[in-house]
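**Student:** Pasting the feature list from Swiss-Prot:
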type: BINDING; residues: G9, H10, S11, G12, A13, G14, K15, S16; note: ATP binding site
type: BINDING; residues: D57, I58, R59, S60; note: GTP binding site
Amino acid sequence: MKELVILTGHSGAGKSTAAGLLEDLGFFCIDNLPPEVVYQVASILSNNVDKLAIVLDIRSYLFGNIQNAIKDVKERYPFTKVLFLTAAKDTLIQRFAHTRRSHPLSKQTNSIGEAIELEFEIMKEIMEIADLVIDTTMLNPHQLRTKLTTFLEEKSEKTFVVHVISFGFKYGMPLDADFVFDARFFPNPFYINELRPKTGKDEEVKEFLRKIDGVSEYLNKIYELINIAISRYETEGRKEITVAIGCTGGKHRSVYFAEELGQMFLNKDYKVTIEHRDVELG
């Protein structure tokens, strides 16, 4: 089966890392193409290349109409997937300061902040039509690889995808979550010596939380609410939802809720991914 990915996004958001991961997954990667040759390059799929990734950065946008180029490619290759990487603006500024690299738009602006603002404005229409937008603000390369693999495994006739994330509030909320739920008002297993080193995936912690009044009801209410949202999302043509559940450190309560909620959606034959973002930190 032929696969074509157009990888784009904001400068500093991790396109080079993502391109390297795509190469590890067997993709032939070509980057920094002007719009007028994107369609021609895509045609190499007709030869001996089965998996092609075309990487476009802001410089490609400045050469012409990227949106039309992507439209032309999608008309010929309907299986084309557009992947857009972004990150919080403050994070992008920090990344450029750390690497001491100049922003591609730095000559057209007075500061790195202005360059990033301009880039967001130029790229906003492509971001809106992307098949998947990944916020890399809190992602490490392993987590990015997991998201890429999940994205590529989804078939055109795929069912709705439910992404469930557990996290610790003290490490910040996931910026790409559609819904965020708080589990901090339930008793914390952290304060029980024998449960402290364990996680919400361990049976002892599960048993402790199951016995707490309100836990089961809260879980069911979250499930009911997300089901309502999914039905509306599907009506609007959306194909995925990201649900985040947090506790203090992201090790016990949120992990338990994420695992239980993920299983509930698996039982409905949705495609489900479960990520425990901070379980090693909590």
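Even glycines carry a Cβ here, placed using N, Cα and C.
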**Student:** Nearest to K15 (ATP binding site) in three-dimensional space, by Cα, is which of the binding-site residues D57, I58, R59, S60?
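**Tutor:** Minimum Cα distance from K15 (ATP binding site) across D57, I58, R59, S60 lands on D57.
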**Student:** My understanding is the cutoff is Cβ-Cβ under 8 Å with a sequence separation of 6 or more in the same chain; which residues meet that for G12 (ATP binding site)?
**Tutor:** A87, L92, R95, F96, H103, I116
**Student:** If you count other CB atoms within 10 A of each CB, which of G9, G14 wins among these binding-site residues?
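**Tutor:** Selected residue: G9.
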**Student:** Using a 10 Å radius around its CB, how many other CB atoms surround A13 (ATP binding site)?
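**Tutor:** Excluding its own Cβ, A13 (ATP binding site) sees 24 Cβ atoms within 10 Å.
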**Student:** So how many other Cβ atoms are close to S16 (ATP binding site), meaning within 10 Å of its Cβ?
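**Tutor:** Cβ-Cβ neighbours of S16 (ATP binding site) within 10 Å number 14.
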**Student:** Do you see any of the binding-site residues G9, H10, S16 whose C-alpha is within 10 Å of S60 (GTP binding site), and which ones?
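**Tutor:** Among G9, H10, S16, not one has a Cα sitting within 10 Å of that of S60 (GTP binding site).
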**Student:** By a simple count of other Cβ atoms within 10 Å, which of S11, S60, the binding-site residues in the record, is least packed?
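**Tutor:** Selected from the binding-site residues S11, S60 on minimum Cβ neighbours within 10 Å: S60.
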**Student:** Take the Cβ of K15 (ATP binding site) and count every other Cβ within 10 Å, whichever protein chain it belongs to.
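**Tutor:** A 10 Å sphere around the Cβ of K15 (ATP binding site) contains 21 other Cβ atoms.
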**Student:** Would you find the one among the binding-site residues H10, R59 whose Cβ has the most company, meaning other Cβ atoms within 10 Å?
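**Tutor:** Highest number of other Cβ atoms within 10 Å: H10.
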**Student:** Please report the number of other Cβ atoms within 10 Å of the Cβ of I58 (GTP binding site).
**Tutor:** 19
**Student:** Report the same-chain neighbours of D57 (GTP binding site): residues 6+ apart in sequence with Cβ closer than 8 Å to its Cβ, ordered by sequence.
**Tutor:** T8, S11, K15, D31, N32, P104
